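Colleague: For reference, the structure I am asking about is given below.
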Amino acid sequence: MREIVLTQIGQCGNQIGAKFWEVISDEHAINSAGTYHGDSHLQLERINVYYNEASGGRYVPRAVLVDLEPGTMDSVRSGPFGQVFRPDNFIFGQCGAGNNWAKGHYTEGAELMESVMDVVRKEAESCDCLQGFQLTHSLGGGTGSGMGTLLLSKIREEYPDRIINTFSILPSPKVSDTVVEPYNATLSVHQLIENADETFCIDNEALYDICSKTLKLPTPTYGDLNHLVCATMSGVTTCLRFPGQLNADLRKLAVNMVPFPRLHFFMPGFAPLTSRGSQQYRALTVAELTQQMFDAKNMMAACDPRHGRYLTAAAIFRGRMPMREVDEQMFNIQDKNSSYFADWLPNNVKTAVCDIPPRGLKMSATFIGNNTAIQELFKRVSEQFTAMFRRKAFLHWYTGEGMDEMEFTEAESNMNDLVSEYQQYQDATAEEEEDEEYAEEEVA
């Protein structure tokens, strides 16, 4: 079947990854020892998308866990599902990247890279028909951002025709861990533009807002934030793991979502939003799900989709629901909000429906939008980057690891180009397109 290898890098990547495996294992009824104890053949039908079947009927996640310090690995290993992973797939250094992108990308991370690629190859070789890779990491630290993007380019080099999608946690203004986040994020985005096929931009600020405003949690923990991220990750891959009426896979998603190769940064959303303990006490209708899903409050990136336009979007519904109703609701929402959709891309919303809902819900929906408003997020990082880079603040940490100032300038201009490309397509209209074509023909 179509397998996916999940690589998780750095503290953030591993924490989200570990949580994700808990969610997926629960959906497929795999217990913490790796054995199956479910009652539905659907759970096993495509279990090999994410799991290898080992001897004795054990299921082992196709996960590669990487970090430059042993701490996170220890906590994953001692966590509830720590014994499920293949021990050889834990790869860690001893010294950490110290929030320094250059350490992750050029020095410490590069030394560990060969052993990481060995494990990736081993995982890829045990697949029948490898569909692609998923990478979870944050862009603010050193390991996830620096080493994560290095791994990305190595995978791209070795598996050029496989889809790579990343779940990237972007730094946000309100929730900042380190001063050099803007540097690390800009250098990473520079790499993501070139090497990833699809990037799901998630940021902590939006997750905090969802937790406090929508879920009414008084003090959200990282556990709560990760719960939201995993709901989205699980939703995106549902179609691969369970049968449905309209299926999507990573490649179909990419083909439908990416109108121009550089513009592959999506904002994910999820509905219904529930906190970890209190599952919904009422069943939602398809109409409510659709409404909630397109709501700005449900977006996991801190930018407002109403400030931009949707180039493309995808909605993945889970649960038993009439297809006709889904189609009607999706049509309605596009009809009512037509000004928010790019009019020069007809039928730009893809829908997929999977029959199996997530644990504890009757139905749910995962939303993925390629909206030009995502530029707000990059603009924000870019402004912080410029403010520091003008004064050359903290630069010696990077140049000390052998980096050149030129790289910073390149990364900065690549990110600014991305912002202006989004702006260009936000302003474009169907009529303009025709005029431009005539103009081009005359020039030619």
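Every residue number used here counts from 1 along the chain in the order it is shown.
A Cβ is built for glycine as well, from the same backbone N, Cα and C atoms used for every other residue.
Among the features that Swiss-Prot reports, motif 'MREI motif' is placed at 1-4. The GTP binding site annotation in Swiss-Prot covers Gln11, Glu69, Ser138, Gly142, Thr143, Gly144, Asn204, Asn226 and is backed by similarity to another entry. The feature Mg(2+) binding site is assigned by Swiss-Prot to Glu69, with similarity to another entry given as support. For Ser172, the entry in Swiss-Prot reads phosphoserine. The region 'Disordered' annotation in Swiss-Prot covers 423-444. Per Swiss-Prot, the feature compositional bias 'Acidic residues' maps to 429-444. Taken from Swiss-Prot, the feature 5-glutamyl polyglutamate covers Glu436.
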Colleague: Report, as a single number, how many Cβ atoms besides its own are within 10 Å of the Cβ of Gln11 (GTP binding site).
Modeller: 24
Colleague: If I take every residue in the motif 'MREI motif' (1-4) and average their pLDDT values, what number comes out?
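Modeller: The predicted confidence over the motif 'MREI motif' (1-4), as a mean pLDDT, is 81.
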Colleague: Within 10 Å of each Cβ, count the other Cβ atoms and name the one among the binding-site residues Gly142, Gly144 with the highest count.
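Modeller: Selected residue: Gly144.
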Colleague: How many whole Å apart are the CA atoms of Gln11 (GTP binding site) and the residue listed as 'phosphoserine'?
Modeller: 17
Colleague: Relative to the Cα of Ser172 (phosphoserine), which of the binding-site residues Glu69, Ser138, Gly144, Asn226 has the closest Cα?
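Modeller: For Ser172 (phosphoserine), the closest Cα among Glu69, Ser138, Gly144, Asn226 is found at Ser138.
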Colleague: Pick out which of the recorded positions Ser138, Thr143, Ser172, Asn226 has the most other Cβ atoms within 10 Å of its own Cβ.
Modeller: Thr143
Colleague: For a quick check of understanding: among the binding-site residues Glu69, Asn204, which residue's Cβ has the most other Cβ atoms within 10 Å?
Modeller: Asn204
Colleague: For Gln11 (GTP binding site), which of the three DSSP-derived states applies: helix, strand, or coil?
Modeller: helix
Colleague: If you measure every Cα to Cα pair among Gln11, Glu69, Ser138, Gly142, Thr143, Gly144, Asn204, Asn226, the residues listed for GTP, what is the largest value in Å?
Modeller: 23
Colleague: Translate the DSSP assignment of Glu69 (GTP binding site) into the three-state scheme.
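Modeller: Assignment for Glu69 (GTP binding site) reads coil.
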Colleague: According to DSSP, does the residue listed as 'phosphoserine' sit in a helix, a strand, or coil?
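Modeller: SS state of the residue listed as 'phosphoserine' = coil.
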